[in-house]
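The block underneath contains the structure these notes are about, expressed in structure tokens.
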Amino acid sequence: MATIEKKASLDEKVAVDSASSKEYLENSEGVTEEDLATYRHVRDKLPWTAFSVAVVEFAERWTYYGTTNIYNNYIRAPLPPGSRNGSVLRQNRSIGVAGALGMGQQKSFAIRTFNSFFVYCTPFVGAILADVKFGRFKTICIFTVVIFLGHIILVASATPVSLEHPTTAMGLLILAIFVMAVGAGSIKSNVSPLIAEQYQGKLRKETLPSGEIVIVSPSITVQSIYLYFYMAINFGSTAAISASFLARDNGYWVAFLLPTCIFALVPIVLYLGRNSFIQTPPRGSILLETARVVTTCVSARWSWNPVALYKGMKADGFWDAAKPSTYGEKLPAHITWDDEFVGEVHRTMSACKVFLFFPIYWLCYSQIDGNLGTVAAGMTLKGTPNDLIQNLNPISIIIMIPIFERGIYPLLRRYGINFTPLKRITAGFVVAGLAMVYAAVLEYYLYKTSPCSNHLPSECTSADGNPNASPINVWVSSGPYILVGMSEIFASITSLEYAYTKAPQRMKSVVMAFSQFQTALSSALNFALVDVNVEDKFQWLFASFGITSVITAGLFWWTFRDLDAQEIALNLIGTGEREGFKGESAADAPEKAV
């Protein structure tokens, strides 16, 4: 069992002496409501095991982005003149674009969208296995092997021998996408909660060396953990820089081989940390018990009249029907949980409503993963691979996260501005919308300045078959990548934090999977828009996404403004002393792996 050293300040000792006149917050160490409102909130020290989990995510994301970020050219563009492996001949590298299968923009978009859709459906596979059967750590280990297998197939698809038979290469690519999506998705839903549960601290007061009394806040600590976790993700995704150059200069099989080798870090870190990671053991009936809580409450308010049913479900006391305390000694046999679990399920349902707005956000994000690469292909490259620019997105995130974590967020707290998760998500939608407006304006000028007048700048070629680009420099397309990066700090990172803090202890992987599933829903919307995901319609596509995202931001805040006011109370549910599940012992609590 992991232990956390308890620090008692002079103020806490005084508070203990006057306990009869003060009501401490549940699961805190001598903190009252007055303390919470009076003192500045700071984060706690981060456990080293959290950084170990971040290394796992760094390596896994390196392998993911180091392959998917070059899928667009690999599928869309044909083999360059004189190439057998997708590379560009040395004399043409200042203007040439790597390619292999030559299937065009629409088919490239469809395959990449399928990959995004499937990889964000599969988190449910790993989440259910983790929460019900194996636990998070063992599930991650199992699907590490699956990802390795997928990478081997991917490398085989890109060898010169395979590329001589495009149908074979495409078949191997689809198989690799399928296998890697199962592995990556199943790991994704478990790594995110695993890193946060390495921290087990409680709300408490401390006196800094300066004499200032502060509140050490678990919620702010979890926020910081996810900021650094996301930084690790984006350190990994910058690997696509090497992938772009490797594909252009050495061919695609080499570009796909490097991420495969980097992935070897994952099993090494998992093995070294196997006895140190704090884990939550699985509970085989947790999903069934959650369903029973919901059905018990709905049954108590059931009506064939949909209006009456809706009013009953919105009424105060709706969740009381599932609480053991409602029944006293006459507890129904099917109720195996405590009152706190009912509160956790209620909180989880509210959180899941928040996530349902995210498909619109991910529609905007998806444009930097391919379509903007096509935009860049029609601009003046001067030796810069067109799919290199998208790496400004993770680089900008890496730069901005310390600025927000060490500068902007503490400054806001110092001045009493509570930039809550739901406020951050709202800001993320707005900034993502601005990124799309930027992209729409850029595309307008690209149409005007391209030597070809067909609104297909990326396909404009000179008589010798080489690109005939717009005079606009490719680096002008950096704006949307940077703005989307800022929006991720507000919205994407906060969605991880929100999923973790609002889920029951034994269901964090499943709730995390549900939050990630919104990306799959976004991909499904993209499938429906495949006919307009063509270059001559990019201007209006980007503009419509931008306007929709800004409107969604307003609707999101209006819908959840009341929930935002309950943030602290919601986070405290289930953190104090509780009766637990029927038949469960203390040994079933979160503990180190053995």
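Here the Cβ of each residue, glycine as well, is placed from N, Cα and C on the backbone.
Of all ranges given (48-64, 286-302, 388-404), TrEMBL attaches the label transmembrane segment to 388-404.
Here the transmembrane segment (480-498) lies next to the transmembrane segment (388-404) in space: the count of CB pairs under 8 Å, restricted to residues six or more apart, reaches at least 3.
The transmembrane segment (425-447) makes no contact with the transmembrane segment (252-273): fewer than 3 of their CB pairs lie within 8 A, with pairs spaced 6 or more apart in sequence.
Under 8 Å from some Cβ of the transmembrane segment (510-529) lie the Cβ atoms of residues 109-110, 113-114, 116-121, 123-124, 126-128, 131, 185, 188-190, 192-193, 287, 348, 351-352, 355-356, 358-363, 365-366, 495-496, 498-500, 502-504, 541, all in the same chain and six or more residues away from its ends. 541-560 is the stretch from 140-163, 225-246, 252-273, 541-560 with the greatest number of Cβ pairs below 8 Å to the transmembrane segment (351-368).
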